[in-house]
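Here the structure is laid out as structure tokens; the discussion comes afterwards.
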Amino acid sequence: MALNTLINNNSWDILPKWIEYNDEHYKFLSRELINVVFPILRETDKQLLLDSIILVINMIHFKFGFGSIDKPDELLWHQLIQNNLLDSRAILNAMLPYINDNAKDDKKHRLRNLEDLYLEKDDRGQYVYTNSQYNRCIRRLETDGKISVFNRPCIREYFLDHLEILLMSIETSANKLYVNWVDVLPVKMSDFDTLDIYKQTVVKLNSYKSSSNQNSNQSNQESNESNQEPNESNQEINQESNRNTFNRIDLINNYIDPNSGLSYQDIYNTISNHLFHEIKNYKWLIYDIVIAEKPVSYLKYLENKFDFDELLEGRMWSQLDKSQTIRFQNQWNSFLNSSDTNDNTVLHHFYFFFSKYHKNSQKLIRQNKLVLNKDPDDEEDIEENVRITPETTQDARRGMSQVPIEEIYLFFSDQLTSFKKTWYFYTIQINKKEYVDSEDNIIITPKNIYNYCKSLVSYTNASGKFTQIPKYWYSLKPEFIEMILIRILDINDPIKNDWTKNNWFNINNYIRKFYPDTKEEDLPVMNYKLHSLIRNNIVDIIFESLIFHGILSNFKPNLTITDNSYIRASIGSTDDNKRTKFKHQQMAKQYFTGKTRTEYETNAYYYLTGQTYDQLKPLRNKTYHNFEKKYFDFLTSEQIWTFTYAMNWVSQLNFYHHYSNNRVLYITGATGVGKSTQVPKLLMYSQKMLDYNSNGKIICTQPRVPPTVENADTISRELGVPIRAYNKLYDKSVFTSNFYVQYKHQKEEHIDRQADYFLRIVTDGTLLEEMIGSPFLTRSIEDPYAVDNLGNQLDWVKTYSTGNVYDIVIVDEAHEHNANMDMILTLARDSIYVNNSTKLVIVSATMDDDEPIYRRYYRRINDNRTYPLSAFIDYNQLDRANMDRRIHISPPGATTQYVIRDFYLTDEESALINEKNFIDYGIKKTIELANSTTNGDILLFMTGQADIHKSIKAINAATPPNIVALGYYSELSEETKELIVKIHQTLASYTRYKEDVELDESEITRRVPKGTYTRAIIIATNVAEASITLKNLKYVVDTGYNKVVVYDPIDGVYDTWTLPISFSSAMQRRGRVGRLSSGDFYALYSLNKVINNKTAYKIADINIKDTMVKLIKSYPNDPFIISPMNDINQISNLVSIVNKRLTNNYVPEDLIYDILNNPRPYYDIINKQYLYIPDLTDISQYYTYYGKSSDIVLDEFDPNKINLSDYLRTNHDDYHFQQNHGAFYSRCYTGYDNYILEDQSLTFYIIHPDENIINRNLYTGQMDSLKIASSIKESYYYYLLKVNNIQEKSDLQRINFRNFQLIKYPLAMSEAELQMLIMNVPAKKSDLVIRYTNIVDSNINSYTEEYYSGLPNVNINDMTRVKSLLLINLGQIQSAVSLNILNNYNNILWYSYAIPYQLNHDVLAIMVMIDLASDINQWIDPSKSRCCLNKFLNQHFNKEGDIKFLWDLWKKIQPILIKNNLLNTNDINYLRSDFNRNKEKYLSEKKIPFNEFLLFDKLFNSGKLNTTDEFYYYVNGINFDFVMENNNVSRMIEILSENELLNKDKIIDFVSQYLSLNFTIYKQMWSHQYEIENKLNENSDNNKDIVEWVDKNLRFPNIITHPYNMPDDWDKILETYIRALSTNVVKNQGSYYLKMNNGVKIFPSRWSRFNPTEKTFLNNKSEFIIYHSNDSTDNKVNIMYLTPVQLKWILDANPIYYYYLIFDKNNIINKLKETDNIKEILQTISSVKPYYSIKSLIEYVDRMNNPTISRLIRSEIYGLDNSTKN
């Protein structure tokens, strides 16, 4: 049959027209919408907008089923015009790029034509309407390397392209909106067959079956009865088919269904995804077996063999009692050893699916507990029909006999848990229908439905291979669309649907087995009968599945909750709280009362849980009646999420439209609309509704801990699956077993790593670590066949496969630009570019500064190549570049959910306030507000703790007694932070006097009565900009300043600056009000003062060394994983595919290698995500569409002189620019190549480490000029110019910045190199070769060789940086011990150097002391008088320095800990008795210590209790938080503190933290060893005994020696300290110090203004001193913790560092501005040269056991002056 012979491919004219041309509605929209919003727009553009919005509204009207008795036209019309045409304006906005306008539409009022949307700028050079030009501009690379930019107008074709895609999105989302319980309600299982949409679907699917059309009101039963029964012969079947008369099938653009009822899209997607793909991995449960001559599913059969009640209830192994576990063990043994034929048949398939799909199968194989007798990757369908023999049974028994019983139970549990998400579970277990239908001894089983659906979505290709077509409707090519319609509608076709022979639905093997009397010649007849019975039920099955999955909903406008005029008239008020209460009352009255409520509870299914709403457990809270509240009662009381604009029906449509068509989304929105809480919900729902993905995984980053926890709590509670619930036994909230929402930060987590559908909210550092290890966010395994040129195995080479770690990455609060965030956004671009099934969602309160950056940076991500692949846009030549990636979730024109009144100063008033007096002005304004208003809390923004302390004192002294001022900053305890966050609850019970609010609890001696305070003033740093929502907040006072800490890589110190805030920060502070009610914002500055202030990028403010050394690759011969040659998205490769297809010039078996040379690293991703049908030998399946393009090449024209209309219509510029100039290079296997990380071309980082000193071209990203930043010192600029050979700043105006060298990264890497963390090694081209021993095809081998030979040329003398072996192993130690304190490389070096001496725990103690008291004077007892200071100093002065003081202190504390058995916890096995005792009590529901209860409850809820590894999980879960009680330890510490004049509280803090960290180390090392011994890790890197390496390679000869004594422990501590901190050396100049590596002048810090002596215990300063840390205040550098050293010690301790410092002419100090200090240091360096020992250097590098660095050093020292060779 010729293509499309049955399809009428119509235009949009066929769509039913509710609003007709020039009718009253049409005129109204023209007059009141288009002409009002765009009054001066060109008439042709107005007409375009009007016609388009009419088309969209008609589509909505038709697709959502308006025009019926239940949903009359007037209902939709009222919805469109209520609230000042709010929804109509929202639809209009959805058709256009995002326009940042106000409520009055002032910008739109000025628009004259649509072309100007992209073009018009304001006086500041910013685009008036949209920033789309930044990702749409035309670019051309000039000969000088500069990129020229030409503006692209917004032409009509772009608008129409987007309109077509929008209409498709409406069809895709129709009748499936998120249930908001306002105007979107779930369709109930009990009455779906009464709905018009059901009846229309029945008619549609049967309208082609018979010439006598059936009445649309007939039920499915009636339509079935009206169909003629097929005759019993092939001839009669043929005659019956030929009698059918057909109409051609109408479609719009070959994909969109203009017929009533469920769309063909929904029908196909449900069949393909819900009924076939979703069940594939568990389908053995619906296999049929013959029992009493009838088919019985394996599930029902096994229910007779096992007690499935616990499994079906979702109870895990850990939740069974002993009798239940014994019973299950006995049942399994009986089943495993049974001689029953049916048992053996089921066992065979159980074994096969267990081997293939059990989550722990690989671990069991490594442990030799699961024995494989065949490859589980075999196709299951072959296995289904394998003949069961004694041999196969014996294989299965042998394979499973050693598998632990809990693993058997776990597999059953996992399989049933996933199976419970499917329609098959619903029909068998809930609907209690073992058979779907039966007639004349023919039974339709669930397995028959599966086979029908599988057959429907499969075909036999030209090679005779049975092949599955794409899963999604819009991924089907037109020929498959026709094939599917022929099958679904059962249209006779001699090729595609002929029932006289074996047809597409062919289950002959099944028929032979279950209908053995059927003759071979009658098989077509029997197939037809089965098919007909299935078709009679398929509509019901589809509806049941959509309802069961919780995605079929009914949008029915409800003016009583959405019409503001109606609400205002009903309540007689505009009060926000009264409005919310009225809405709650309406919801309760209409939906949640009486029978209506019962129907929704018992017959509506929740998409999240797959259960009815009555199965949601009540929310538990101490404040609820009887501590419980049912979910529907919660919805009608305390929540407001259902009313947020994010849940508005038009907002939802717009969201799903963007989600479906974009891989990167930029989401902004008004304050309180639900950006942080509702967007994640919509994404979770989109995965199920749009992606049909029941196992979607979303991760969302937050910049700080409070919003991480609060958002997880809020979202989970709003979803009805709270992560915490009140526990009456402990009178506290505890974690629940709900893991749909999870969270994690450094100190706490609520995570189930086995969960398959979740939203995980984490602090951004957590995700960054994961992304470093998972470059494409997919699964990866080591490639065992990868070798180098010499045949050595390369265990770091991997292959990357489908199966995402996360499907969606959300970066929330992105405007804050902390370093982790921007690195995530950087790494995410490469991940998403390669892995087209992942999405990046950037959520920000404001995007004014960032949007141009995002648009430029993510241009490379081509939305046309999103998975699922879209044949729809390919066939219709639509380009997703023509739709905007930005979504603004707000009512049109609104900036906040509630009204905010702004009060800015005039420019004259603003000029009076500066960094010296803003504190006083802030205090004054706050006092004025507090005294002039009567209710509502106040939030005052200050810059730091000192400001806050001053403000609290002043404000509390000058405000009424019912108002209390409290501080909020990051250093506060978690308890105090929680008090502030929940101040609306805690204020009434707050009883401190105002004067006492900052005292420690132990110092409180008096109290005010409860209820004294009714208002709070929160004085906060910028940490409150995004981390808290204060429910009673009415006023914000913003001083407009912030403290910024900036790292100076020249001086090597952090400087603190007080600077004006950015505009985005100002908007964030403003956004603290207007979230839950209206409020006022008082800015102590004019708008003009901040509007141009740009965000300070944290990555440019920090020391990037530690981050960069993690990112850099480990081996010089590690090549790019993906380069232009093997990039499936590279346009030249796509063009090559098209050419090969046209010329037929290829060998199918070699095709993918012929195209990409080396696709091996991501072969699986290419096969499954870049082909319509996974078959790399079939060139017709390659998805080559990348967007509109033609033969017109931009370079042929001068855009300023010619008409580019043809080019603009047919090309999106990125395609040609990328092909020629935008080549993609991914990271390497072990990290990034050095030149990519250095990024001198400014193309890798979204925010460059040197971003704060450069001005960029926003269109191209290229550097335009140097920026002078107030927070950057002159010395940095001097060095920068020196490196670039620029003598004067005036020369900058004449240089080409294309070749300008930025220095922050090179400086960081130089520092890392001196610490031997990285190496500079020769990068030889011949090294970049990987061979694969399992590739025997010579052609394929030649292609891979061609790939590696074609990588960018590296000259023989070129150098590249890689991780040192030391760094690689230090990373292993960091991973093993998992302590934040060791994330600093100085600390991990010190700790590691101490391991060979077994002093690492002593070193940890000293580290903790320094961490707790960064300023040494914090060790002094603060209660002692001034005169005691001298006594204290005299007592602790020593000649060996401050580290010696800490060592001595530790040696006095340690005996106390030993004497009181506080170090016994280090013996992990000692915990077994506690574990066993508390486990027994927990399972008996007896009270145990609360922390133990939390741990056991977590193990119980996650299924880890009562398992083989339960003690391992227990140990891993312990967080040892030592709390000092009033006991013997406390008394001994008190005596010690008194005797030593020490700060007792500081000692107690130290003991608590040390014991916690020390235990953590023992715990982690024990776990690491356990994992090795029990083979729990797949990654061989994790199976390495890292301690053995350290002990062997970091044991150096002593540098501190004594003539008569062996070095003692202090000597070893000192030696390890010098080795780790040898870069921190200063030369003592008497009254000041000079840093040895850069000549920075450092003045001694003083104990106090009363004691001007230097702040150190060192009383015998030597010429050279090591300091531990430094800071900078008021541009003065201070150093802390001083240790005297000898010159020889430091030269021998780190000979590499001092080799480069002394001999390297490119050292930084040689390029600094020559001052007296620099001269002094250079002279010092020259003077120490004779003392430097090259011999020691060689011995040192040899001992490090790193041949590469040994060769390098030997090579470099060749030719040095002989005087140094001693």
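Every residue gets a Cβ built from N, Cα and C, even glycine.
Fair warning: this is a prediction, and the values are worked out from it, not measured in the lab.
Feature annotations, courtesy of Swiss-Prot:
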- 209-239: region 'Disordered' (REGION)
- 210-239: compositional bias 'Low complexity' (COMPBIAS)
- 656-865: domain 'Helicase ATP-binding' (DOMAIN)
- G669, A670, T671, G672, V673, G674, K675, S676: ATP binding site (BINDING)
- 947-1116: domain 'Helicase C-terminal' (DOMAIN)
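In this structure, T671 (ATP binding site) is part of a beta strand by DSSP. A 10 Å cutoff on Cβ-Cβ distances gives V673 (ATP binding site) a total of 26 other Cβ atoms nearby, all chains included. Most other Cβ atoms within 10 A: among the binding-site residues G669, G672, G674, K675, S676, that distinction falls to G669. Within 10 Å of the C-beta atom of A670 (ATP binding site) sit 24 other C-beta atoms, taking all shown protein chains into account.
Other Cβ atoms within 10 Å of the Cβ of T671 (ATP binding site) number 24 in total over all chains. Confidence over the domain 'Helicase C-terminal' (947-1116), given as mean pLDDT on the 0 to 100 scale, stands at 89.
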